[in-house]
Each structure stands twice: as structure tokens, then as C-alpha cells.
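Asks: Starting off with a structure, shown below.
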Amino acid sequence: MEADPAPSSTPPPSSPAPAASPSRHPPGEEGGGAERVEVEEYVDPPSPDCCGGADPDHAPPPSPKGEEPVVSAEEEQAAVAGGEGEALRSFLEEFGDQGDDSLVPSPKLKQINTPDRLAALRFLGGKYNSLLERYKQQVAKCAEECAPRYDGLKKKYADECAERRRLYNELIELRGNIRVFCRCRPLSTAEISNGCSSIVQIDPSHETELQFVPSDKDRKAFKFDHVFGPSDNQETVFAESLPVVRSVMDGFNVCIFAYGQTGTGKTFTMEGIPEDRGVNYRALEELFRLSEERSSSVAYTFAVSILEVYNEKIRDLLDESSEQTGRKLDIKQTADGTQEVAGLIEAPIYTIDGVWEKLKVGAKNRSVGATSANELSSRSHSLVKVTVRSEHLVTGQKWRSHIWLVDLAGSERVNKTEVEGDRLKESQFINKSLSALGDVISALASKNAHIPYRNSKLTHLLQSSLGGDCKTLMFVQISPSSADSGETLCSLNFASRVRAIDHGPARKQADPAETFKLKQMTEKIRHEEKENAKLLESLQLTQLKYASRENVIKTLQEKIREAEQTSKTYQQRVRELENELANEKKAARDTARSTKPPLAPMRQRPPLGRIGNHIPPKAPLRLRLSKAPTIQNKENIPVMLNKGSSGADTSKAVAGKARRVSLTPVIRHIPLQPKRRSSLAVLPTQREQLSIFPDKRSVSRLSHIQMPRRSIATFNSIPATPLAAAAHKQVDGTPEARQLRRIEFSSSKFRSPPALARFNSRNNALSPQQKLRLASGSGNASKICFSVQKRVILGSPAPVKSSLLSGTGIFNPALREKMMAAKIGNAQRVFNTNRRKSVL
């Protein structure tokens with residue numbers, strides 16, 4: 001078959017030669033020169049077979065995978081030797097640079113007349129294969145260099161996602177929001193056969209967003225904590241729920257419940273199937289795994305309870321007795337504010353197999369029924385409660401927490417499910433309880449003061465989970481079918497309201513006994529804080545008082561220092577004055593010694609009568625009158641004399657027995673004398689002595705009365721004779737005489753009875769005339785001692801005089817002051833009003 005020259009001269013547009021792969025290397029690379037040398041080796045005249053009878057259209061095109069055409073060495077040598085490649089050589093010489101880089105434009109290539117088209121294709125094929133090989137090498141090299149960086153960035157991205165999820169979970173816990181996970185089931189076979197389409201769009205790169213697209217024009221976005229698509233399995237769903245489940249082991253209350261319309265997969269998510277178990281079983285399995293992991297420090301015990309709310313009645317699903325249908329269970333509120341079902345069975349569990357057995361028993365006893373929407377539709381709300389009690393083995397601290405796993409009955413439309421009879425009644429109760437749940441959610445989202453928890457048994461049981469101290473997770477199950485768009489939209493709106501609830505962060509739940517202890521400790525701490533506040537206030541007041549007293553003390557100290565300084569000044573002044581006074585006294589004494597002549601010796605002194613001109617004048621008398629001592633006043637206490645007692649009859653004085661001898665009076669009349677040495681006594685003159693004693697002109701020097709030594713001779717100046725008594729009344733009746741009347745004979749603090757009675761009773765031999773003889777005469781007057789002190793005069797006893805003095809001269813006050821008071825033995829006692837006026 002001959003070749004057409006026209007087509008051979010101009011290649012067809014579909015020729016692969018112009019469509020060569022562009023170069024992956026820059027024009028200046030060394031590899032291009034090497035390949036140019038190799039190409040020049042191939043440029044030889046083509047063989048006659050190729051030029052003559054070969055059809056260029058049947059030439060093998062270059063392999064896109066880089067397979068080079070098989071050309072033997074003999075053919076290459078023949079082509080070079082034959083010189084059939086002159087046209088190709090001229091082409092390479094003209095377009096060598098462009099050909100090396102495979103950048104020859106196709107229009108330029110079309111205008112070249114090449115007789116050897118096959119050689120050009122071989123050349124381009126080889127060039128393409130070499131470039132492709134170089135490209136693969138570069139890709140492998142880049143992949144080798146970038147693989148570690150890619151792995152690092154991938155790991156960093158995963159860590160950042162985990163950190164963001166952790167921070168988001170912490171934020172939710174701090175805010176107290178209810179976590180909401182949305183799970184969309186796949187379309188069922190019946191829905192696909194009915195021509196239903198999906199109205200839910202989920203972007204795998206945005207795990208928290210969901211697009212609700214009921215039509216091309218309508219589109220609404222919803223945001224949740226996580227969105228699971230139809231392809232997500234049970235393990236993926238539980239992995240996101242794992243942090244909430246683990247918090248039960250730390251002492252927090254947890255509630256996980258599934259909400260949605262009938263047939264959306266709530267029971268499948270919570271319970272699952274034996275081949276692919278749900279959240280309930282996986283959560284309990286995780287709890288047992290954590291208990292074994294922490295067994296060295298914390299001891300855990302588990303108990304499970306399963307109940308259902310059917311037609312607003314609570315049934316215990318673990319009670320298989322025949323009486324359980326008629327048994328009524330009520331909800332009680334405990335002291336710590338949580339809700340408990342009185343009489344509910346709490347079965348202890350020890351292994352995960354025991355958990356599965358209990359769950360199967362509860363699922364068997366649960367109320368289910370067939371509807372047009374679901375053959376095994378749940379006709380009640382199922383609640384699984386797991387109580388976890390833990391005790392720290394080191395500190396002894398105890399906690400009690402629980403986890404609620406709730407599978408709610410599906411909300412449904414009566415006209416759509418086509419139920420009647422008992423199923424219709426069940427649907428009404430289900431919708432009523434779900435409506436009450438919606439009211440509670442709305443009230444919580446609006447933060448109303450009153451939350452209607454008691455409108456339904458379901459909401460009453462979930463009170464602590466929805467609005468209390470609990471971590472809550474909600475699965476909202478939706479259907480992607482366009483036939484259920486209304487129910488899906490309602491479920492999404494309800495889940496959005498639930499996600500907006502903010503009830504504060506959850507707290508650890510302690511054991512009730514521990515709670516009571518904590519309350520007592522809290523009360524004690526509060527009381528101590530009040531006491532501390534009072535003490536602090538008292539301390540502050542004390543500090544203020546102390547500060548004020550410090551100021552007062554400082555002021556007083558200043559005053560004390562000033563007073564001390566003044567005292568020192570005064571003391572200095574006093575010393576100076578004392579020195580001056582001492583000097584003056586010394587000077588006065590010196591002057592007195594020099595001016596006053598010395599006194600003569602006592603034996604050489606002249607008689608008192610001869611120096612009468614030197615007697616100083618008498619000082620004024622200060623008389624102190626007092627009563628005579630009585631028997632009652634034994635202490636000789638001076639008593640002033642009453643005026644009415646001046647006329648009393650002294651002869652009637654009662655004599656008493658004295659315990660002590662009174663020698664000196666208590667009170668003496670001492671006239672004030674100047675401080676001069678004048679020891680001269682005033683004695684009665686000779687005329688006065690003669691007037692008193694007219695019948696006695698000369699007496700002995702000293703008169704004595706011999707008496708026993710233990711006796712005392714004391715007498716009153718008032719004579720016992722009638723004449724003397726009358727004279728006494730005459731003289732003593734005047735005021736002057738009453739003032740001068742003093743008769744006190746006591747020198748002791750013990751008083752003596754009246755001296756007259758004693759003298760009369762013991763010394764009857766002494767007559768009144770002998771008493772008058774006791775007065776000294778003119779002979780012994782110069783030697784009588786007139787002094788306060790006792791003066792003893794030794795001498796012979798005075799002879800008893802028998803002469804009786806007549807007249808009233810003895811009542812003269814001047815003479816009566818000088819009368820002798822008593823005599824004991826050879827000692828005579830006399831009165832003297834002038835102190836230190838004595839002449840021996």
C-alpha cells in the first residue's frame with residue numbers, strides 16, 4: 001500500500017507528535033544536552049523500507065505510560081548509514097533548543113516537510129519517555145522529602161482538634177450547657193423505593209454543622225456539639241460520649257438520653273444489637289474497665305436499676321414477680337435534692353456479663369408495639385440507672401454518683417402512625433410527656449422562676465438531670481427522608497433549645513453521710529467565722545483603746561518628766577534653804593552662846609524666891625474640859641464635860657474595882673511657852689501660903705504618909721464634910737469654876753473607879769484632915785516636883801498632922817493645880833500645869 005504524499009508532507013491534526021508532554025525541567029539543565037547527543041546518534045537516513053512502502057498512519061503511537069518503541073541496534077545503524085535522516089537532522093539543527101525542551105509548537109511542526117515521519121515520532125516518543133521518567137523521579141523525591149513534614153502536620157492537626165474539643169468540653173462544663181449530639185440515620189429501602197430523597201446535608205469537614213434542605217430554595221443551618229452522619233458507626237458515636245461517661249467515676253452525676261420521632265434509631269443508639277452494642281452496654285463496660293484500672297487506690301461498687309414510664313406509671317423492669325403490675329412506685333425527693341423511686345430494685349453487678357444479663361431482662365419486660373412507622377416501636381420511656389459508690393483507700397473519702405441512660409419513646413403523629421385503641425392511648429401519654437419535657441426545656445432556656453417539672457413523671461425523674469447538678473448529653477435522632485421533613489425540623493428546633501440551657505457547672509456528689517459531716521463542718525466554720533469576726537472587731541477596738549491610752553501615757557510621761565524636773569528644782573531649792581536655815585541656826589546658837597551667860601550649877605543656884613525677877617511671863621492657858629472617867633469608859637478616852645453635869649453630886653460616885661493603878665492623868669493643861677530655857681516654876685507666895693494655912697507657919701521640908709507600898713492614896717478635892725460640900729457648891733456653881741474643874745487621876749489606858757470610893761473603902765483610917773495634910777507647906781514647897789513626868793523624892797515619911805484646915809481656900813483653882821495627887825511608898829505624885837517647870 002502506497003503512501004499518499006500529501007498526507008506524508010503534512011501530518012494530520014490528530015498526530016501525537018505535536019502533543020508531546022511539556023518539559024518538567026528548565027531549559028538550562030544538563031540532562032537536555034546529554035539527550036541531544038543521544039538524539040543526534042539516531043539521526044540517520046531512514047531505511048528504504050520505511051520510506052517506500054510504509055504507511056505513516058500505521059506507525060505505533062508513543063505510549064502514554066512511558067513505554068519506548070523497540071528499535072534494534074542494526075536498524076539504527078542502517079538508518080544512520082543510509083542517510084535517510086537528512087530532513088530530521090536539518091529539523092534538529094533548526095529547532096534543536098526547542099526540540100530539546102519539547103516546546104516545539106504544533107503549527108510550526110505542521111509546516112515542516114519531513115520525509116521521515118516515523119523517525120520523528122520515535123524521537124518524540126523517546127523524549128517523552130525520558131521526561132516522564134524524570135517526572136516520576138522528581139515526584140518520588142518530593143514525596144520522600146515531604147512525607148515527614150506531612151506526617152508532622154497531620155499529627156499537629158489531630159492534636160489541635162483534640163485540644164479544641166477538650167477546651168470546648170471544659171467550656172460546656174463550666175457553663176453547664178447540655179451537650180447535644182445529632183445523629184442522622186440512612187434512608188431505608190422502603191423510603192428509597194418510594195422515591196424519597198435526603199433533606200439533610202452533612203459536611204465531613206465541619207463536624208458541628210448540619211444543613212436542612214427541604215427544597216432547592218429553602219436551606220437552614222443548625223449547629224450542635226457533634227453531628228454524626230449515616231456512615232458513622234456505634235464505636236464512633238460512643239467515642240464522643242466517652243468523656244461524659246468517665247466523669248461518673250470521678251463523682252459526677254451523668255444523664256444520657258435519646259430524643260426523636262418514631263423510627264429514627266433511638267433504641268439502636270442506646271441499646272444496640274448483640275453484634276453492635278449501643279451506648280448503654282459500652283458505658284458500663286468502660287466503667288468496669290476504669291474500676292479495674294484504679295483498683296489500687298479507689299474501691300468501686302456498682303448497682304443497676306431499670307424502670308419505665310408507661311402511661312404515666314412507673315414500672316420496675318427488674319421485678320419479674322406477678323405482683324409487679326399492681327405495684328405502685330412513687331418518686332421521693334431525698335435530703336440532698338435528688339429524686340429517688342421508693343421501692344426500686346437495685347441489683348448489684350460485678351462483671352460486664354452480669355450487666356448484659358440485666359439489660360436483656362429489662363428489654364424483655366419493656367412495653368413495645370407495632371405501628372405503621374415501626375414494627376417494634378417503644379411504647380414507654382425506658383430508664384437505666386447505674387449507681388456508683390466509691391471510696392478512696394488512702395484518704396477514706398466517699399462518693400456516690402449515678403448515671404441515667406434514657407431511651408425516650410418516639411414522638412409521632414396519630415394520623416401518620418394509624419394507631420387506635422390501646423396504641424392510641426399510649427401515643428397520647430407519650431406525646432403528653434414529651435410535651436411536658438418541651439415545656440421544661442423552654443422554661444429552662446428562658447430562665448423562668450418556675451420550672452414545671454411535676455407536670456409529668458418523666459420530667460420529675462429527669463429534674464436533677466435537666467436543671468440540677470448533673471452533666472447531661474442528648475442524642476437527637478433525625479430522619480433524612482423528605483417524607484419526614486416536618487418531624488425532622490421539629491426535632492432540630494427542640495435540640496437547639498436544649499443546647500441553649502445553661503444551669504451552671506456540675507459538682508461532685510459525696511456520700512450522704514459525708515454530706516452530713518460536710519454540712520456540720522460548714523456550719524461550724526460559719527460559726528467560727530462569726531466568732532472570728534467578733535474577735536477581730538474586739539481586737540480592733542482594743543487596738544484603738546491601746547493607741548489612745550498610749551497617747552495618754554505619752555502625755556502623762558511628759559508630765560512626769562516635767563514634774564520630776566520641777567521636783568529636782570524644788571529639792572535643790574529645799575537643800576539650799578535647809579543649808580541657809582542651818583547656817584542661820586548655827587549663827588544664832590553662836591550668838592546666844594556669846595551673849596547669854598551660862599547657868600550656875602544646880603547646887604549653887606539660889607532659891608527660887610531670890611530669882612523671881614527672872615521668871616518669864618505666864619503663857620495663855622488652853623483648857624480642855626472633859627468628863628470624869630466612868631466605869632464604862634475603861635480606856636481613858638477623853639470625853640468633853642457636859643454643862644448639865646456641873647451640879648452632880650460626886651459623893652454618890654460608884655466605886656469599882658480597878659485592874660490597874662492610875663498614876664498620871666491622860667490630859668494635862670500645858671500652857672504654850674516660848675522655846676527658851678526657862679525652867680522656873682511659879683510658886684505661891686508666902687502670903688498665899690499663909691492665907692491657905694493660917695495655923696501653920698512652919699512645916700517640915702517634906703510631908704509623908706506611911707502607907708503600904710501597893711496601896712494608892714487618891715482623894716478628891718471635894719471634902720466629904722457638910723461645910724466643905726456647901727462651899728463646893730458655892731464655888732463650883734459659877735461657870736468659871738465649872739470650866740476649871742478637872743479631876744482626872746489616871747496614867748493608864750485602863751480607867752479606874754472614882755478615887756474617893758476606893759480611898760474610903762481601903763483607907764478608912766485616913767481622915768479628911770489627914771488628906772489636907774498631904775498638901776505641902778511652906779517648908780517643903782521648894783522641893784515639890786511640878787511636872788508631867790514622875791518625880792521620886794526620897795526622904796523620911798512626913799508626920800501626920802492632926803490640924804484640920806478650915807475655909808474654902810483649898811478650892812482655889814490656882815492652888816488646886818499644885819496639889820499632890822497621890823503617894824505610893826516614898827514617892828509623891830503632884831499635879832503641874834506648867835511643863836518642864838521644876839525645881840529640885
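Glycine is treated like the rest: Cβ placed from N, Cα and C.
Look at Swiss-Prot and you will find G260, Q261, T262, G263, T264, G265, K266, T267 tagged as ATP binding site, backed by sequence analysis. Residues or ranges marked as coiled coil by Swiss-Prot on the basis of sequence analysis: 517-594. Taken from Swiss-Prot, the feature compositional bias 'Basic and acidic residues' applies to 581-593. Residues or ranges marked as domain 'Kinesin motor' in Swiss-Prot (evidence: sequence analysis): 177-501. Annotated region 'Disordered' per Swiss-Prot: 1-74, 581-617, in sequence order.
Mind mapping these onto the model and telling me what they sit next to?
Replies: K266 (ATP binding site) carries a helical DSSP state (H, G or I).
Averaged over the coiled coil (517-594), the predicted model has a pLDDT of 90.
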Asks: Report the member of T264, T267 (the binding-site residues) whose C-beta atom has the most other C-beta atoms within 10 angstroms.
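Replies: Output for this query is T264.
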Asks: Near K266 (ATP binding site), which residues of its own chain have a C-beta under 8 A away, given they sit six or more steps off in sequence?
Replies: A258, Y259, G260, S378, D407, L408, G410, F475, Q477
Asks: Give me the long-range Cβ neighbours of G265 (ATP binding site): same chain, 6+ apart, Cβ under 8 Å, in sequence order.
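Replies: For G265 (ATP binding site), the qualifying residues are R183, R185, Q477.
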Asks: Which residue, out of the binding-site residues G260, G263, shows the minimum number of other Cβ atoms inside 10 Å of its Cβ in this structure?
Replies: G263
Asks: Give the helix, strand or coil assignment DSSP yields for G260 (ATP binding site).
Replies: strand
